[in-house]
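This report refers to the structure that appears directly beneath it.
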Amino acid sequence: MRTYPYILLLFWVGQPYPTFSSPLSKRTSDFPAKRRALELSANSRNELSRSKRSWMWNQFFLLEEYTGSDYQYVGKLHSDQDRGDGSLKYILSGDGAGDLFIINENTGDIQATKRLDREEKPVYILRAQAVNRRTGRPVEPESEFIIKIHDINDNEPIFTKDVYTATVPEMADVGTFVVQVTATDADDPTYGNSAKVVYSILQGQPYFSVESETGIIKTALLNMDRENREQYQVVIQAKDMGGQMGGLSGTTTVNITLTDVNDNPPRFPQSTYQFKTPESSPPGTPIGRIKASDADVGENAEIEYSITDGEGQDMFDVITDQETQEGIITVKKLLDFEKKKVYTLKVEASNPHVEPRFLYLGPFKDSATVRIVVDDVDEPPVFSKLAYILQIREDAQINTTIGSVSAQDPDAARNPVKYSVDRHTDMDRIFNIDSGNGSIFTSKLLDRETLLWHNITVIATEINNPKQSSRVPLYIKVLDVNDNAPEFAEFYETFVCEKAKADQLIQTLHAVDKDDPYSGHQFSFSLAPEAASGSNFTVQDNKDNTAGILTRKNGYNRHEMSTYLLPVVISDNDYPVQSSTGTVTIRVCACDHHGNMQSCHAEALIHPTGLSTGALVAILLCIVILLGKLLLPASYLPLVRGTHCYCDTLDFSASPIKAYSLI
């Protein structure tokens, strides 16, 4: 009868019963297929299960954290070819073989040499084989099996943080979320309750509570006030085994801070404040500070101050110091001790950021009374006006009184005042002032056309205290008097064509006047009396402050008369009437049929012995004009700028001519 070899493997798994699972291994060698059997036994021996091509292995459990003094027995490996003569040797390989797990090569007993920790490695995969001791050749194919470390509750829950920090608004409703804590347990969550964590609160009641399954911390007490207590330290415990007795536990600390909400109105520590300020304080001067206290913090403690009532509302102001949250009382308008010595204000302090849900606690504002006393100071004289404007005619005589200024000491003493002119503003000493009554009078003659406005400064000084003085501007306007005659706006030199017709316009005249009459200028133009009769030209007044020069006959002969000097009288209509006479130079010229000038010189005859008399006169006239341009001052150049000399173009072979005529 044919026999089949087999290996018997026995495991001690630390349980009162064996555990079996589905096949996990296969044959790993090229041995011919044989029937093999594996018998696994704890307290009793089971029947062998045979397989044609592979070993049938189950997974087994081994308790972790073994505390015995000897090696922990795992099981026994045995082959049916082992006859007990020592010819076979058992070999173990795989995870931890030779270190954690050893095998007795003679008997096949397997033992664990060290304490095992499931949290470090939960499963070990090993391979067993029987070999011929002499040849080293396997007598059995190598087979694989699994040792699974059985978990025990040897790890306490550990929180993700040693210390948690959280905040929650004060006065929050019961059940308001604060923070969630989390603890983890390294034990096997799939086996028993070793990793089932339950949370509880050890410290922090009755203010806070924790949900046992989620670790969510919530408020548990109504109306927790930050102003009474701001910091809370809560201790939370996490316990495994579902919180049952014998379970392991860990704790963490949660520091909870109540954040501020605006649940406190500002309050003045006193109902009345009193300050003093001199009457000379300029606008913007701080007088004093007041402060309302607010138990809140941050923007909830911000305060705005305002003046809501009192007789000094228009004289004082209050601003808020954003750094100190104080109200600063300042001067708004100039004070006068002689008019009012004491002011009373009602100042209100309020929160700009108010939470509607706390309005039931009362109005978030408070008020206090501020009393301000004005102190008297020695003040300089005060003029009756901020500025004075006076007028005087330009023909006024010296010592003519223009007007007066007035100033007085505003203090109760009413010290006498003297007046003077600031000579830096009247360097020419045109004006003077009576030091006793403030009358202004002239000390020199005036001319409006030279200076229309005189701006001077008058000083008022207390006689008993010269350090107290004040100044006021004085504007003096010089009124116009008709003391200037009108005159031509420019020097007029024109021409007339030899073939001109009667009543032909050859020039338009304009006039100017340095005076400035109230109703405006009204000039009249006419020929001078000496030229009114027998003149070859007429003057036509246009009644619009202009006049035209017209021809009086048909045709002119430049050989008979080359130049006419026409005197024109210009008068104004003011009182007294002023007039002047201006001369218009008219040259007789040859023109084309369009009236355009071509030549204004006349041909002169030359006597056998030399130049004609007319030529000599013309040359002399040119020389005079040229000398006039060179010698006259620049201000008179416009009078001769339009004059032209044609001496260089005279033809002295022509007949004699007359140089000019006054007509």
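Every residue number used here counts from 1 along the chain in the order it is shown.
Cβ coordinates are placed from backbone N, Cα and C, and glycine is handled just like the others.
Residues annotated as domain 'Cadherin' in TrEMBL: 79-159 (among others).
Taken from TrEMBL, the feature domain 'Cadherin' covers 160-268 (among others).
What TrEMBL lists as region 'Disordered' is 260-288.
Among residues of the same chain six or more beyond the compositional bias 'Polar residues' (269-279), those with a C-beta under 8 A of the stretch's C-beta atoms are 285, 287-288, 290-293, 329, 331, 335-337, 368-377, 379. Residues annotated as compositional bias 'Polar residues' in TrEMBL: 269-279.
Positions annotated as domain 'Cadherin' by TrEMBL: 269-383 (among others). Per-residue confidence over the domain 'Cadherin' (269-383) averages 92 (mean pLDDT, predicted model).
According to TrEMBL, the domain 'Cadherin' annotation covers 384-488 (among others).
Here TrEMBL flags 488-610 (among others) as domain 'Cadherin'.
Feature annotation from TrEMBL assigns transmembrane segment to 610-632.
Across the range of the domain 'Cadherin' (384-488), the DSSP-based residue counts are 3 helix, 47 strand, 55 coil. Helix, strand and coil counts under DSSP for the compositional bias 'Polar residues' (269-279) come to 0 helix, 7 strand, 4 coil.
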